[in-house]
Amino acid sequence: MPSYTVTVATGSQWFAGTDDYIYLSLIGSAGCSEKHLLDKAFYNDFERGAVDSYDVTVDEELGEIQLVKIEKRKYWLHDDWYLKYITLKTPHGDYIEFPCYRWITGEGEIVLRDGRAKLARDDQIHLLKQHRRKELEARQKQYRWMEWNPGFPLSIDAKCHKDLPRDIQFDSEKGVDFVLNYSKAMENLFINRFMHMFQSSWNDFADFEKIFVKISNTISERVKNHWQEDLMFGYQFLNGCNPVLIKRCTELPQKLPVTTEMVECSLERNLSLEQEVQEGNIFIVDYELLDGIDANKTDPCTHQFLAAPICLLYKNLANKIVPIAIQLNQAPGEKNPIFLPSDAKYDWLLAKIWVRSSDFHVHQTITHLLRTHLVSEVFGIAMYRQLPAVHPIFKLLVAHVRFTIAINTKAREQLICEYGLFDKANATGGGGHVQMVQRAVQDLTYSSLCFPEAIKARGMDSTEDIPYYFYRDDGLLVWEAIQSFTSEVVGIYYEDDQVVVEDQELQDFVRDVYVYGMRGRKASGFPKSIKSREKLSEYLTVVIFTASAQHAAVNFGQLFLGMYPEEHFIEKPVKEAMIRFRKNLEAIVSVIAERNKNKKLPYYYLSPDRIPNSVAI
């Protein structure tokens, strides 16, 4: 009788193992096997991190194995199990790989196909077509769209983390505890311990020292020591945590009535302000988004305020960016003066502090929350709803949306919800942050997520004119590496543009993003469909770059770009493409490390060895 060797790998995360009964059935082109209990005498099967092998003998020839069915039945208590993969050695000596990387909960079951990535058109066997269809039908019932707040991109239909499908929850109690403990620590540190400081005026800048957490790196130390200086203030617009707002000023706005005479002491080229604008030496950061946003009123003991500043900056003869004029609100007038470097020291410093405060609110709520977390969640939900696990695009993207939906659900549950941490800690709490997102969504466009286009649209693309914009330089290198990789993968599975057009699952994925995530806004520029391999590669690059590099530039992470510990792809051409991708990224790491040598303020946020794969890793 034919005999198969079955190898089963259990996940290494906490609580991944199981004591339940595990049964296996083989489904082949010539027949199906009986259900076999996978069990070895006097051995603890399916322990966390274990790789166990079993001999399975069947009564008759099964033909080509098409599916493997795993069933879990309760032994004593309900016991979730994380199955990484199954490999099968056939009676003829062939090996078949069945990637899983999913949880089997309760008395559940799961049906796996072999790991070869397939488009729908490649499936000619009715059984495989049916498996593909049933998987998506089940996913669409699990992954439902929900409007968390009017005007927001749609999110997952779950009130809290435990309501999420098990496969996208944090994969251990440790992961959940990290988020919980982080939130509690932030709350205790910044809210309770220092609440009395927020409720009263500070007498001098030494008071700032009392709320600094321990600074453990030279960059933070340098910023701490030089934050009052104009050079540091300007540098942060280029390479700080929010390097996406500064743009070249092509025309002085009427709402900022600054004149040459006002800023003459800051100009170094003996040109008028208008001439400096024409020469491309003037830059602007406008916080118009904050105009009219309600300040936080949740605590009657703490009066909070918001400004909507306009900051004019100048590229000096050393090619450094420095501020030359600040207006704290949008409408000019006697009660809204323009502050200048020639003003009294603390008047000018206070104006810069207001700008930095506004920058913080836009960074946290728009640059970070909306434009990385919420956008990545849209891509993730659409992927789970419309792409089966066998689809090459699912295999490509799944690592880059890992835990994204979970961490966003936690944020809605604890951070940005009513009475959450935002309400307690931020001047935009109490609803202001919601108003900001609702406004900013109107400016959320596909082209603004295409890194090279976004840089060019702000007039910040010239390395000669703006030589110290490391966010741009490193970002372009990483974008090109990702795009080269996605182009290779697309080329492996799509032989021409027509195959892209005819891939209905792909088109449904793209349409889901547009219709639900972007709320069908034509002005967003998000495609409703994709009609070429080139455009598909660009789209995939947007998804990966947003979740990895862009988020890294404005945040921090641990699991690095180009590392794919879950082997969803088994094909040699894709594995070779991954190796080339990693080599390209390693070369970028070397370039950035060389650039940063001996710099007092190195920029490493977009070094690939520091870029996480997703917004939650």
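Each residue's number is its place along the chain shown, starting with 1.
Cβ coordinates come from backbone N, Cα and C, glycine included.
Annotation comment: TrEMBL describes Gly17, Asp79, Asp80 as Ca(2+) 1 binding site. The Ca(2+) 2 binding site feature in TrEMBL is assigned to Asp39. Here TrEMBL flags His368, His373, His551, Ile617 as Fe cation binding site. The domain 'PLAT' feature in TrEMBL is assigned to 2-118. Residues or ranges marked as domain 'Lipoxygenase' by TrEMBL: 118-564, 565-617. Feature annotation from TrEMBL assigns site 'Essential for stabilizing binding to COTL1' to Trp103.
Rounded to a whole value, the Cα-Cα separation of the residue listed as 'Ca(2+) 2 binding site' and Trp103 (site 'Essential for stabilizing binding to COTL1') is 20 Å. For the binding-site residues His368, His373, His551, the greatest number of Cβ atoms within 10 Å around a candidate Cβ is found at His551. Among the binding-site residues listed (Gly17, Asp80, His368, His373, His551), Asp80 has its Cα nearest to the Cα of Trp103 (site 'Essential for stabilizing binding to COTL1').
In the structure shown, the C-beta of Asp79 has more C-beta neighbours within 10 angstroms than that of any other entry among the binding-site residues Asp39, Asp79. Here the domain 'PLAT' (2-118) is broken down by DSSP into helix, strand and coil counts: 0 helix, 60 strand, 57 coil.
Sequence-ordered, the extra residues of this chain that approach the Ca(2+) 1 site, with Cβ no more than 8 Å from the Cβ center of Gly17, Asp79, Asp80, are Phe15, Ala16, Thr18, Asp19, Asp20, Phe46, Trp81, Tyr82. Note: the domain 'Lipoxygenase' (565-617) comprises 28 helix, 1 strand, 24 coil (DSSP; helix = H, G, I, strand = E, B).
Within the same chain, the residues at least 6 positions away from Gly17 (Ca(2+) 1 binding site) whose Cβ sits under 8 Å from its Cβ are Thr10, Phe46, Glu47, Arg48, Gly49, Ala50, Trp81, listed in sequence order.
Between His373 (Fe cation binding site) and Asp80 (Ca(2+) 1 binding site), the C-alpha separation comes to 28 Å.
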